[in-house]
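As recorded in TrEMBL, the features of this protein are as follows:
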type	residues	note
ACT_SITE	Ser195	active site
ACT_SITE	Asp353	active site
ACT_SITE	His383	active site
DOMAIN	119-264	domain 'Alpha/beta hydrolase fold-3'
DOMAIN	326-386	domain 'Alpha/beta hydrolase fold-3'
Amino acid sequence: MRLLPAAVSLSLTVTLAYYVYIPLPETIQEPWRLMMLDVGFRTTMHLASLKAWLGFDHYIQSLRQSTEGFDDIMQGLCSSQSEGGVMPGVKVCDITFAGVPVRVYEPPAGGEGHLRRGLMFIHGGGWALGTTKKGSYDMINRMLSDELNTVVVSVKVNFPVPYLDCLAAAKHFLSAEVRARYAIDPERIALSGDSAGGNLAAAVAQEISTDDTMSVKFSVQALIYPVLQALDFNTPSYLQNQHIPILYRPLMVRFWLQYFGADPSLLPQLLVNNHSSLQHSNITPELRARVDWTVLLSPKHKKNYKPLIVEKGSQGGTRELPGLLDVRASPLLAGPEVLAKSPRAYILTCEHDVLRDDGLMYARRLQDSGVTVTVDHYLDGFHGCFSFVTWPMEFEVGKRAVRGYLNWLQNNL
């Protein structure tokens, strides 16, 4: 009988180890820390799926509640650094721009007698999760405001109309009234965002750059592992990193379906590119060329992967995904005449990220259109690392990524 508790204990230990351990590439530093972080995210996703299946809550709503709870914990852990420690002089105010909730960070150095930089930041989270009022986003924006003497406006993304909200807030930020109020230099205003926020930043930058009614436009754009297209979920990075935390390939597709307001049951069709098969005549060869990774990626990123081109896929196609070909949702689909007017760009990509190729293809297309682009590629980076810069979820690659981002803005804005 004494063997029974030992057997149960051993079984539980093996089960826990199996759940925690995932094989990771050797280039990822601090692998066990990433595994423990992933355990939290996977558990949250499993619980959200269970609650949705039982009819207790919507999947995304459940994820949102869990991530907000995590942000509350992180805010408590890093509040001494951001509010009372390293950046005590940054003035923070929660207001609205054109009816859109924003948080404004004003640097300690006043604008009296001289103009300051301005930057609008749009947070990530699959167009549905996250907040800039807590945790690492808040801390990074405080750092940026303090170190670069910059007025930072952080937009609260309100699902399901984040693009329109961000565009309205951006136009208000660029207005003469706001620039005068905060003493912002009209020649030194940036637009930035990470992940889904990078998607929105790229889309808004394109719209503003081609709007002849706007007398002042963004001078630079800084995109952090942006998501930029939904035609091909079988690019080399989607396949190479489909099992790498924290953004798994099926989760990214699920975020897209949520953003499009589409049926979640379409997920298996999108994973095999049935939604973009050759039978869909509205996806023209010209559009396909704009996401053709066999042309746009370098050999070191293409590796030995082969393109997945489906002759005949799902019948619904773009009818079931009404935003699929809309450049406001997929900035990578924009024509060269639009890209040519886009501001100078900084694009941060991570080797171990399903979105790596989105960023690299966009950089190539911008460069081909005559835009100056800086690509900051982290060989040991993973999706989300930019946000993990505070204890206990502190990664060295995240700290390097944030520092590289700040340095580029210091030198280019």
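Don't overthink the numbers, they just go from 1 along the chain as shown.
Using N, Cα and C of the backbone, Cβ positions are placed for all residues, glycine too.
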Cα-Cα distance linking His383 (active site) and Asp353 (active site), given in Å to the nearest integer: 5
Spatial separation of His383 (active site) from Ser195 (active site) - C-alpha basis, Å: 8
Cβ neighbours of His383 (active site) where a neighbour is any other Cβ within 10 Å: 27
